[in-house]
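Working notes, beginning with the structure itself.
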Amino acid sequence: MFGSNLLGAMTVPLFGPHVVGGLITANIITSIATCASETNTNGRMANLGVSQTELVGPRGDSGRKLPQYIAALAATLGALAAGTMLGWSSPVVFKITQPNNTDYNFDISETEGSWIGSVINLGAAAICFPIGLVMDAIGRKKTMLFLILPFTLGWLLITFGTSVGMLIGGRLITGIAGGAFCVTAPAYTSEIAQDSIRGTLGSYFQLMITVGILFAYAVGSYTSVFLFNILCTLIPIVFGIVFFFMPESPKFLVVKNRNDEAREALIKLRGTNYDVDYELDSLKLSAEEAQNNPVSFVSAITKKTSIKAIIICYALMIFQQLSGINAVIFNTSSIFAAAGATIPAAIATIIIGVIQVIATFVSSLVVDKLGRRILLLFSALVMCLCSTALGVFFFLQSTHGENSDIVQSLFWLPLLSLSLFIIAFSLGFGPIPWMMAGDLCNIDIKAFVGSTAGTLNWLLSFTVTSTFLALNTAIGSGQVFWMFAGIMLIGFVFIFFVIPETKGKSLQEIQVMLGATPQDRNVEDKK
């Protein structure tokens with residue numbers, strides 16, 4: 001995806017694909033955590049940030065949390081498969097476009113390699129909206145299990161391809177499956193989770209994406225293309241075996257009037273000592289009110305609360321893709337070289353992947369403690385500063401030359417900025433935009449908003465990666481980074497004034513925060 005394979009870097013969508021370095025970051029996070037942490041922290045497990053009581057047994061009516069963690073991790077094994085799809089082009093495209101390529105029995109030009117790498121964006125963008133309709137019709141679980149078929153078919157075409165057309169077709173099909181998972185997995189995890197851990201479970205999607213990408217970087221760089229493809233083919237099959245035993249979303253089952261199945265699902269997710277009937281009655285009441293007070297889709301989507309939720313979800317996807325993450329990843333080799341590092345490009349790529357995984361894991365631990373807003377604000381601010389610093393470095397480099405004294409004196413700046421940028425992105429703008437549709441939207445528009453936001457994300461990814469080189473040539477690397485810094489500054493202001501904090505809030509409370517009047521809560525906004 002990056003390193004010596006610049007082509008691969010430009011053809012991989014990075015919505016988050018992409019130790020914790022620096023005392024500055026550690027001190028900032030520590031200070032924020034001190035100010036914003038909740039008081040109920042006794043008995044926390046030091047290594048997981050989750051109470052032992054919550055994991056292994058019920059506490060009063062709080063219910064067991066372990067089954068919910070297991071179900072969320074099982075669901076996001078599909079995200080792991082999507083991550084390998086995203087990271088595949090980094091080690092592979094560079095290999096197969098070489099003149100002495102022996103991995104396939106046919107020649108592949110750089111232009112063809114570019115299409116092989118980037119076509120997944122188009123496949124993912126095409127499926128996001130239809131998959132929202134499918135998962136509302138047959139359920140979240142069945143939809144994700146069905147996606148095993150295109151995932152496996154796509155990888156088989158890639159593994160045993162005998163022409164460029166077969167490779168492009170295989171990548172297109174895996175892109176369709178991966179894009180579908182980007183809609184269904186976040187919806188499923190948000191609907192099975194209790195409010196107190198909804199953010200943590202939601203962040204597992206992005207965490208598993210980064211793990212999949214790191215797997216692709218590490219394994220793909222040091223194995224044959226054939227063996228790597230076989231391993232990638234097995235991942236969705238393993239997902240299917242594990243996820244088959246997980247329950248369906250209780251909210252979906254209630255909407256479909258399958259209340260007995262919904263009760264069984266809640267017992268599996270919350271435990272037998274949890275007051276399942278109370279939550280089930282609440283879900284049934286919401287469904288009944290939606291049926292008794294039917295609202296057309298147009299009316300539902302044009303409500304004040306819906307419009308604000310849509311604006312927030314779409315804006316976060318736009319800021320995520322225009323944050324400069326692709327520019328930073330694309331310039332990884334230059335940044336490492338400028339810092340005097342002599343490590344191979346493949347190792348540099350793996351280092352970045354490790355940073356992404358660690359930072360995203362940290363985000364999963366703190367997102368339900370610090371909250372979404374503060375992580376997004378921190379992420380936007382740090383990314384803005386890092387992009388500004390990178391812009392200064394590359395501007396000086398193009399103006400004064402690589403060997404000038406002023407550039408040599410700043411050898412440390414790009415590597416530090418790169419590390420902090422990746423950490424900040426993985427803490428906030430990597431995982432959080434994907435969970436916001438589940439947080440903000442009523443169930444009657446959740447699939448539509450999640451799927452269209454996903455479509456927007458993939459289209460922006462394709463646009464940014466396909467135009468970055470031309471933009472870089474037209475205005476210069478430094479100016480491109482300054483442009484991204486300006487976009488993140490706008491994002492910071494937008495988050496500060498528009499986005500509410502959804503940490504630990506119920507859907508009804510969030511709707512009031514979006515502008516619904518309290519009396520509406522029992523009429524419209526429980527749908």
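Cβ atoms are placed via backbone N, Cα and C, with glycine included.
Heads up, TrEMBL stuff is auto-annotated, nobody curated it.
Residues or ranges marked as domain 'Major facilitator superfamily (MFS) profile' in TrEMBL: 75-503. Marked as transmembrane segment by TrEMBL: 69-94, 114-133, 145-166, 172-189, 201-220, 226-246, 309-329, 335-362, 374-396, 411-434, 455-475, 481-499.
Over the domain 'Major facilitator superfamily (MFS) profile' (75-503) the predicted model carries a mean pLDDT of 89. Same-chain residues lying 6 or more positions outside the transmembrane segment (172-189) and placing a CB less than 8 Å from one of its CB atoms are 71-72, 75-76, 78-79, 81-82, 85-86, 119-128, 131-132, 135, 140-141, 143-144, 147, 150-151, 153-155, 157-158, 201-202, 204-205, 236, 249, 434-435, 437-438, 446-447, 450-451, 454, 457-458. Ranking 309-329, 455-475, 481-499 by CB pairs under 8 A with the transmembrane segment (374-396) puts 481-499 at the top. Using the rule of three or more Cβ pairs under 8 Å, pairs at least 6 apart in sequence, the transmembrane segment (69-94) is in contact with the transmembrane segment (226-246). The stretches the transmembrane segment (201-220) and the transmembrane segment (455-475) do not meet in space: the count of Cβ pairs below 8 angstroms, excluding pairs fewer than 6 apart in sequence, stays at fewer than three. Pairs of Cβ atoms less than 8 Å apart link the transmembrane segment (309-329) most often to 455-475, out of 114-133, 226-246, 455-475. Long-range contacts of the transmembrane segment (226-246) within the same chain: residues 70-71, 74-75, 77-78, 80-81, 84-85, 88, 91-92, 103, 141, 144-145, 147-148, 151-152, 155-156, 158-159, 177, 212, 216, 219-220, each at least 6 residues beyond the stretch ends and with a Cβ under 8 Å from a Cβ of the stretch.
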